[in-house]
Ligand code: NDP
């Protein structure tokens, strides 16, 4: 299978690592909007090409992994490149998934390709677990907790405050809330009950730290509904202790069965990730394999992880999977 990458940020690099580790895949080329000479990739023998030349690669790539940002890149890039290639992306703006699905579906159907969107862990593996668990336990409640991990969106929002030189924001699940769910108490939890936020800030010289802290804690949508702790640290400590991209989270379904609903069942799925981008791209690359299989068997249009049979993710045969993993 020949794989292409469009956009070389954290995910682009992660896809390169995952493709190099896959026995049935080969990286054909990396495409960027920047000057290709300014983008240095890991593989020495793979071309880096400006995205303006992507049409020349139309018949040389089985699946293109689109690695742009969800906010402004993917809504444009995924439908655009679905005109030329089978594509897959990690679009994670949950509220806009129906609109993105419709745009990719139209482009992929018109050009005769498969486009799989919103793949990764959330949306992605977490979504799959929610669907399985809701089907199995229709009378129940869903809970999702994120962290402990770095939220890029919240870190960016803090960096935009005047006087802030650098910042990292960690989302942390509240242990008592996790325990209540695990114990089958089926609690009603507000936003504040489920997560706390911790921010590490490097302030510019002479900046008003009290004002920065106030602006963080009162920021609408990002921090105002949470209990937030702010720490001011120096640049050395920031670089030493806060340069990682760890993340993770939990998806629960707590549901009842029985004539009098006397039995409670809890499904818990959790992820603990040292590197959010490397894990996300490991998911993307497994699903890229499925995209090619779906295309080869004649499927067309937009898909999500919910449409993919599990056997399509593996490079092993169905028989091997039945014998060893069933
Ligand atoms: P990055 O900001 O690292 O990269 C996004 C784009 O920015 C790249 O495609 C690249 O495009 C450009 N870029 C990257 N580095 C530079 C640079 N040094 N200078 C100029 N441009 C640069 O984003 P991530 O890869 O971390 O994440 C992409 C998206 O993945 C996120 O927006 C997030 O929504 C989504 N995601 C989804 C997950 C899920 O579970 N579904 C999990 C994690 C992330 P180009 O090469 O063309 O310049």
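Cβ coordinates are placed from backbone N, Cα and C, and glycine is handled just like the others.
Please treat TrEMBL annotations as automatic predictions, because they have not gone through curation.
If you look up TrEMBL, you'll see 8, 9, 10, 11, 32, 33, 34, 67, 68, 69, 70, 90, 91, 92 marked as NADP(+) binding site. The feature substrate binding site is assigned by TrEMBL to 146, 171, 197, 247, 276. Under the heading domain 'Meso-diaminopimelate D-dehydrogenase C-terminal', TrEMBL lists 120-275.
In space, 10 is the closest of the binding-site residues 10, 34, 68, 70 to residue 276 (substrate binding site), judged by Cα positions. Of 8, 10, 32, 34, 68, all annotated as binding-site residues, the residue with the shortest Cα distance to residue 247 (substrate binding site) is 10.
Annotated pair residue 34 (NADP(+) binding site) and residue 171 (substrate binding site), C-alpha to C-alpha distance, rounded: 32 Å. Less than 6 Å separates the Cβ from ligand 1 in the case of 68, 70, drawn from the binding-site residues 68, 70, 146, 197, 247 in sequence order. When every Cα pair among 146, 171, 197, 247, 276 is compared, the largest distance found for this substrate site is 18 Å. Each residue contributes its Cα atom, and for residue 68 (NADP(+) binding site) and residue 146 (substrate binding site) those atoms are 22 Å apart. Taking the Cα atom of each, residue 91 (NADP(+) binding site) and residue 146 (substrate binding site) are about 17 angstrom apart. Of all Cβ atoms in the shown protein chains, 25 besides its own fall within 10 Å of the Cβ of residue 91 (NADP(+) binding site). Neighbour list (residue 171 (substrate binding site), Cβ cut-off 8 Å, at least 6 residues apart, same chain): 146, 147, 148, 149, 150, 151, 154, 195, 197. A helical conformation is recorded for residue 276 (substrate binding site) in the three-state DSSP classification.
Pairwise Cα distances among 8, 9, 10, 11, 32, 33, 34, 67, 68, 69, 70, 90, 91, 92, the recorded NADP(+)-binding residues, top out at 24 Å. Using a 10 Å radius centred on the Cβ of residue 32 (NADP(+) binding site) and all shown protein chains, the other Cβ atoms total 20. Of all the Cβ atoms in the protein chains shown, 23 others lie within 10 Å of the Cβ of residue 276 (substrate binding site).
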